[in-house]
Amino acid sequence: MDLTTLNQEQLAAVRHADGPLLLLAGAGSGKTRVITFRIGYLIRQRGVLPAQLLAVTFTNKAAKEMKERVEELVGKRQCRGMIISTFHSLCVRILKEDIERLGYKKNFSIYGTADQVRLIKDLMQAVNVDGKKYDAERIQWMISDAKNRLIPPESYTVRYQDEYEYLAAEVYPKYQKALKAFNAIDFDDIIMLTVRLFREHPDVLEKYQQRFRYLMVDEYQDTNAAQYLLLRSLAGERRNLCVVGDDDQSIYGWRGADLGNILDFEKDFPGAAVIRLEQNYRSTGNILAAANAVIGNNRQRKEKALWTSGDKGRPIELVRCMDEEDEARVVMERIHAERFRHELQYREFAILYRTNVQSRAFEEQLRYENIPYVLIGGQQFFDRKEVKDAVAYLKVLVNRRDEVNLLRILNYPKRGIGETTADRLIRASAEGERPLWEVLCAAGEIEDLGEKAQEAVSGFVALMERYAQRFARTPNLADTAREFFAEIKLEDEIYRGTDDPKKARRRVENLEEVVNAMASYLEREEKPSLSGFLEKVSLLDEDRPDRDSKEKKLERDAVTLMSLHSSKGLEYPVVFMVGMEEEFLPHKNVLNQGADVEEERRLCYVGITRAQRQLVLTGAAQRKKYGQLQPRIPSRFLQEIPGELLDSQTSEGRPPASEEEQETMANNFFSGIRAMLGD
Ligand code: ATP
Ligand code: MG
């Protein structure tokens, strides 16, 4: 570990003794690097045991990269027991040990958004609310928001008096009660329950305070109230809390992140040391100048002056394209050209967009040109129907009380438990106040259930029990899962479900991917278990499983596609920011609500500052919407980049439009931007 590669301020932060420390600094100034060096320093020079260190960040990818960097610094063996994880993984780990104190069982299920919405729909139906008129997702969102602000059902109050609030107030307590009955927790509970566990059971908190002597948090500007309390409790009296962040990169306000956490750090932790970093080591002068110019338009911010000792580099390219296909083609051409001219590898390119739907045109083009790529986020693999069905089976095997998933699979694939039977079973469960699973086990006692139905139910129960035992006994989960899915004939059901054989094949492949994901989980894990696998799946915030388990994704040479939000903290030599148009960036929801665009501007700043050597901005003159072409307006943020930093071009057009038409379209777009740039 070579400390001489740090500048003075970085070194001071790395060597900071005990007590609270805030590192508030702009993009690319080495904040994350300071954390990794500080961990290394504490282990190597201060004799801190790896197990006494805890570092948290926001995405799996960031956590993984940080861990790898530390391992490079001090050696893998020296890192054993050290926890570098996301907030959610950390809390699941804690809950796994002590959730019984809160009246849950250890084999709890974790509900993602889709499960949550399904449960909310059921509850709405139960109180006779018209599921067509009211949007269950909005209720889910409101409950989630309440949880992030640490408001439990009993304290939820109606403030604005709109219909949805009344509805949320009615559903929230029922929802929470149902979760508990199903021995399930949702994504927001993960943190909220951990905070509650610590508050109600000081001995549990003390155990963790004893263990974690040093806490480090990356991207602190994006913490919400619950996460703040969690950190505060863990830091305890020792207050060895080192947080790093950048107020200009706060992009999760819409999800309850509280910028006050970073701005008030010195107040919350009196005597905190504050260190600022101003030198940027990531980007060229031009890129940095563009970033500074854009973010300078925000009013609510602490002034910062980022500088670099490096070259200005090449100008920032701004390419106006005809439409989305043209835009995708332009990006491909640039990738080919840059690769050739500067001998770059595919993994040195990233394509960033505001919303995940924008990835489609690029994916198609990448596939067409045979360029390897990885897609981060998007329609998450584990959200696909066939995958959810398979996972639902596994979830029920682990937690028989998980009724959302139990109902999902009860008669899928069809096994003779029709709707009438299901209704009777559910009624018996409600009337007897017994878990549905218990009712299934005693189906023979339900009088108005026909003999055939009874047989079907007991067959199902026997099947599940048999596989639950097999999974518990065998270390080879993947093989067992393969046999299990074959026995319940999931594949046949998929083929029956659609007339399109291609679609069906893709779905079957996805099913195989679940087994593959399990196989690669087995390779990585020291003590694998079915519940451990499901936990990993629930906490995936981004990746889809590796296609080839032997090939590690990060080592693969592939172009990265992801949203601006997921790009936080990462860096790439060449970055394409695509769809630089009004309604994408700033996003139309923000514009429609007349809300503040400052968060959108910060998002733009995050995107620009991901680029190391080359930044290419693209936008289209028109885009298809429901099959019709609609004109697009260049993003206002383009206007905020000084003209002298930009090299503006049009794409050379190709069909579908005639050459003349393209010419005019491009010219219109060109003059549109020029007018906005004021030259
Ligand atoms: P972000 O705000 O985007 O998360 P950051 O402040 O965390 O950025 P890092 O990712 O830690 O910045 O560092 C940015 C780049 O600069 C990395 O490639 C890092 O290795 C490099 N870097 C940081 N400090 C130095 C230094 N003192 N000397 C050389 N390179 C450095
Ligand atoms: Mg960082």
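Backbone N, Cα and C atoms are what each Cβ position is placed from, and that goes for glycine too.
Computed from a predicted structure; not experimentally measured.
Quick look at what TrEMBL lists:
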- Ala25, Gly26, Ala27, Gly28, Ser29, Gly30, Lys31, Thr32: ATP binding site (BINDING)
- 4-284: domain 'UvrD-like helicase ATP-binding' (DOMAIN)
- 285-569: domain 'UvrD-like helicase C-terminal' (DOMAIN)
- 646-665: region 'Disordered' (REGION)
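By the rule that a residue counts when its Cβ sits under 6 Å from some atom of ligand 2, the binding-site residues Ala27, Gly28, Lys31 yield Lys31. Cβ neighbours of Ser29 (ATP binding site) (same chain, under 8 Å, six or more residues apart in sequence): Leu277, Glu278, Gln279, Asn280, Tyr281, Leu306. Note: Thr32 (ATP binding site) has non-local neighbours Ala62, Met66, Asp218, Val244, Gly569, i.e. same-chain residues 6+ apart with C-beta under 8 A of its own C-beta. Other residues of the chain with a Cβ within 8 Å of the Cβ centroid of Ala25, Gly26, Ala27, Gly28, Ser29, Gly30, Lys31, Thr32, the ATP site, are Asp246, Leu277, Asn280, Arg282.
Cβ environment of Lys31 (ATP binding site): Leu23, Ala25, Asp218, Val244, Gly245, Asp246, Leu277 lie under 8 Å away, each six or more residues apart in the same chain.
Averaged across the domain 'UvrD-like helicase ATP-binding' (4-284), pLDDT in this predicted model comes to 93. Counting every protein chain shown, the number of other Cβ atoms lying within 10 Å of the Cβ of Ala25 (ATP binding site) is 26.
Among the binding-site residues Gly26, Ala27, Ser29, Gly30, Thr32, the ones whose Cβ sits under 6 Å from an atom of ligand 1 are, in sequence order, Ala27, Ser29, Gly30, Thr32. Taken residue by residue with DSSP, Gly28 (ATP binding site) is part of neither helix nor strand, so it is coil. A simple Cβ count within 10 Å picks out one of the binding-site residues Gly26, Gly30 as the most packed, and that one is Gly26.
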